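Read the structure below first, then the notes.
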């Protein structure tokens, strides 16, 4: 074991800050190299053109520390930078148990909200080890790496702050399992798309109000989903089957849906949808978006008209969870490596069964029960909960465009 790997070795923390320019990092370590020091740790960040570079190194041989300090300060001054050198022992203290990642989404993210979140993390007994910006638009997304408290109580402590401050806060356990998630399954109506498909059909049948009333009650969990499904579909009896193509054309993807799916597919994820809506729409979405899995209810059509009935397996609350398990088995992925996204009460079993359940612009009962919630109108913000940065997404799009295989961004 080298001296730099022991906890009691004398070290120097060298901090450089000022206007960023090429060559600062190389210049600092070239200066330090003359004193035979070992590098213990390095951190560097550039914010609005200003650099903060911290290097933790072992002390130089006896009698040379004063010369090292003078040389570093002289080098920094020559570049109009500031330098600070602090003596100490060893490296950072070991991170505490209960390592978690706290992702905060704000539109905007205010100083007041940031202060309240940091204070609640501290009050819970956690320590903030690192802060990193994941995205600056369409929302500001910031990730806090914290330690000292188990994930579940920290999530509970921050849930109240999220509601009061008007931000979204996701808390997940840190570790390799986060990088291992390989299957994402989402609801369709009001999640993948902005619409409720049954209401699009109802508009053509002239029964929007009746269908909307039943839909709202079902999504709040006040009605049995299967009963409400049959009641709503019955109102469509006699509708000409040509309406199916019209409804497909009316469907509007949620902003960020293409970006989410495109990015996940590039990373090797499999992506599926489950819907209490209809295969007449989800099959088209599967082909359009390149989805690996899709399952929904099927409207019965006889002699060119809707009969007012559905056929086959009913996709309800329990059915969505069952399909998540089925898709995971087909993909060879354990449930712990799945992500589920939904907005309604009939998504709850699926959200709870997944390794990470995300309530997307959901009803209060769903937000409270899910692992985490997102309340901004951009579906690709789910990527930030997986630790994927906006910069990485855009770089991948640019590379695809340069190679001539860009998918056509929304």
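The backbone N, Cα and C atoms fix where each Cβ goes, and this holds for glycine too.
These features come from Swiss-Prot:
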type: DOMAIN; residues: 13-91; note: domain 'ACT'
type: BINDING; residues: 187, 189, 343; note: Mg(2+) binding site
type: ACT_SITE; residues: 187; note: active site, nucleophile
type: ACT_SITE; residues: 189; note: active site, proton donor
type: BINDING; residues: 196, 232, 275, 276, 320, 346; note: substrate binding site
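On the structure: features taken from Swiss-Prot.
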residue: 187; record: Mg(2+) binding site; Cβ contacts under 8 Å, 6 or more apart: 273, 274, 275, 320, 341, 342, 343, 344, 347, 350, 360
residue: 189; record: Mg(2+) binding site; Cβ contacts under 8 Å, 6 or more apart: 195, 196, 197, 198, 275, 276, 277, 343, 344
residue: 232; record: substrate binding site; Cβ contacts under 8 Å, 6 or more apart: 198, 202, 211, 214, 215
Of all the Cα pairs drawn from 196, 232, 275, 276, 320, 346, the residues the record ties to substrate, which distance is largest, in Å? 19
Going by DSSP, is residue 276 (substrate binding site) part of a helix, a strand, or coil? strand
Provide the three-state DSSP residue tally for the domain 'ACT' (13-91): helix first, then strand, then coil. 24 helix, 33 strand, 22 coil
If you count Cβ atoms within 10 Å of the Cβ of residue 320 (substrate binding site), leaving out that atom itself, what do you get? 26
